[in-house]
Amino acid sequence: MGTTTGDHHQHPHQWVNLSAKRPFAKALKSDLTETFFPDNPFGGLGDLPAGARVFRVLQYFVPILEWGPKYTLSNFRYDLLAGVTIASLAIPQGISYARLANLPPIIGLYSSFVPPLIYAVFGSSKNLAVGTVAAASLLLASIIGADVPAAEDPQLYLNTFYTAAFFTGVMQAVLGIFRWLKGMLGMKHFTTKTDLVSVMHSIFFYRHEWRWESFVLGICFLFFLLLSRHLKTKVPKLFWVSAIAPLLVVVIGGIFAYLVHGEEHGIPIVGDLKKGLNPISISDLNFQSRHLTTAIKAGLLSGFLALAEGIAVGRSLALMKNEQIDGNKEMVAFGIMNIVGSFTSCYLTTGPFSKSAVNFHAGCKTAMSNVVMSICIMMVLLFLAPLFKYTPLVALAAIIVVAMIGLIEIKEFRRLFKVDKFDFCICMVAFLGVVLFSMVIGLSFSVGLSIIRALLYVARPTTCRLGNIRGTELFRDAKQYPDSLSLPNILILKLGSPIYFANAGYLRERITRWLEDEESVRKKNGEDIHHVIVEIGGVTSIDNSGIGMLNEVHANLDRRGIQMALVNPRLEVADKLMSSGFIELVGQDWVFLSVNDAVTACRFNLQESRNKEDRA
């Protein structure tokens, strides 16, 4: 507790508590609890019997134990409708995205069977629908295909996908625990690259393979799918038309190709799809191959992409229902889902926006809709899979094109340009990098820029000079409020970020520059600075380098005959400043709860100094 060793504190004010030192073990426990369990899920466990405590803990880690016992038949009616609806979307999307990844189409159906069951057990979102996604499929194909061409060794290519899914799952689970145009033309030969130049070159290089029949059919499918999307936008209640449109395209396309013998008339088809559930693929995971690095790279990059999409979609839909999801639980659920998926012939899955939005609008109540979808896919795998052999590849191409068009959000481009120009630049770098080079290059450059920006914020934190709002006791950023008043002989600065080795040097130089600039301005008016008040309420933590910086600032001010004052140090910061002896160096009398208290003390001290000079 601060003490009154000087008479400049004769005015009343609130004291800063400097004696609340926490034992290390207690502080560590508090920090770990806040990191891993910020929602305090185990509060009140001590009052429960042992068995109830165990079940309560299990409910936290396995959400189905929480909502399952309370599940009702009325909820199931909604989940049944939603599950059947998203299953109708999962079939064409699964086959299409598997083709996009150069995988056997049946893999897309496998990936819509097992992962949703796992997510229903461990996921915390009531609205998310699990499945494969176009962007991650394309990214995986781009990375893995560059090292293991699908045409040269299809089995090795497939095994690398499984291995990548395993590493995706491990990464996502660890993060959760530690909080961290081809098909439209009927072409048979095509580039494995994804940049615009290579794609256009390949289209015209193999122009002798163009088939007008395939192109015309593709345009018809594309028009129908785009029309269904437009209808959903204009009449939201007809969302189900857009949801079943891909399945209608597959079914109608398959019937048409069967009746006209499409393969004989320039309309390639999917080919044989074998019946049966997912074969076990754990023995196909290859951790000793020279391609292991590729699998890890593909798994991590696509995993981050899928994780960002899944959690963002889950939170957006939860917000619309005034619900909450736990990001940590979602990471763990995605991780377990992809690890189990890699053991059962699945590749990367997450919560795609299109399927989740359909699930939401279909009225889902719980994750049971994923179970219903999984059962529907199981029935297809057991009995109906061979019927999809006549699906025209052009139908899948149309579904993929519409999905890709949906990824381009023009309104979001405009919003970013209006709100944050730097974010807009990052977005454009990602877009142009993907279009002109590859997904890996585009994402790498955009992520790199984001990291640079974050490092700049960390290494160059915002500091400001505070001024007094006229007629009040409030002190705010003088740049934001140019009419605020500077106080005679007093400079007030505010630090608003953690202080540690990365930014300590910058903050020392910035405080010195603030002081020199103010001194040069005020000396023109015959005024000197006698007090510097540093408001550190926004400093959430400080390390040894930060404390050293404050010592240097204090020494610099002391040489100039300027008194330093601190305002509102947080518990952890105050603890370290006390332990290091810095508070004793400044003086406990010069640590205040508010800027106004510090200003009052400085004015009192200045008046006392003038009185002494007058008496002398």
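For all residues, glycine too, the Cβ spot is worked out from N, Cα and C.
Any TrEMBL annotation is an automated prediction that lacks curation.
In TrEMBL this protein carries:
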TRANSMEM  103-122  transmembrane segment
TRANSMEM  129-148  transmembrane segment
TRANSMEM  160-181  transmembrane segment
TRANSMEM  210-227  transmembrane segment
TRANSMEM  239-260  transmembrane segment
TRANSMEM  298-319  transmembrane segment
TRANSMEM  331-350  transmembrane segment
TRANSMEM  362-384  transmembrane segment
TRANSMEM  390-410  transmembrane segment
TRANSMEM  422-445  transmembrane segment
DOMAIN    480-602  domain 'STAS'
Proximity verdict for the transmembrane segment (331-350) and the transmembrane segment (160-181), three or more C-beta pairs under 8 Å: yes
Cβ contacts under 8 Å made by the transmembrane segment (298-319) with residues that lie 6+ beyond its boundaries: 124-128, 133, 135-136, 139-140, 143-144, 160, 163-172, 175, 325, 327, 330-331, 334, 338, 348-353, 356-357, 360, 440, 443
Secondary structure content of the domain 'STAS' (480-602), with strand meaning DSSP E or B: 65 helix, 21 strand, 37 coil
Cβ-Cβ under 8 Å with the transmembrane segment (390-410): same-chain residues at least 6 beyond its ends: 92-93, 95-97, 99-100, 105, 134-135, 181-184, 186, 214-215, 217-218, 221-222, 225-226, 229, 246, 249-250, 253-258, 262, 267-270, 354
Same-chain residue ranges lying at least 6 outside the transmembrane segment (103-122) that approach it to Cβ under 8 Å: 61-64, 87, 90-91, 93-97, 128-132, 150, 157-158, 161, 270, 273-274, 277-278, 329, 332-334, 336-338, 340-341, 344-349, 367-368, 370-371, 373-374, 377-378, 380-381, 385, 388, 391
Long-range neighbours of the transmembrane segment (239-260), counting only residues six or more past its ends (CB under 8 A): 85-86, 88-89, 91-93, 95-96, 217, 221, 224-225, 228-229, 231-232, 267, 269, 357-358, 361-362, 387-388, 390-392, 394-396, 398-399
Taken over the domain 'STAS' (480-602), the model's mean pLDDT: 93
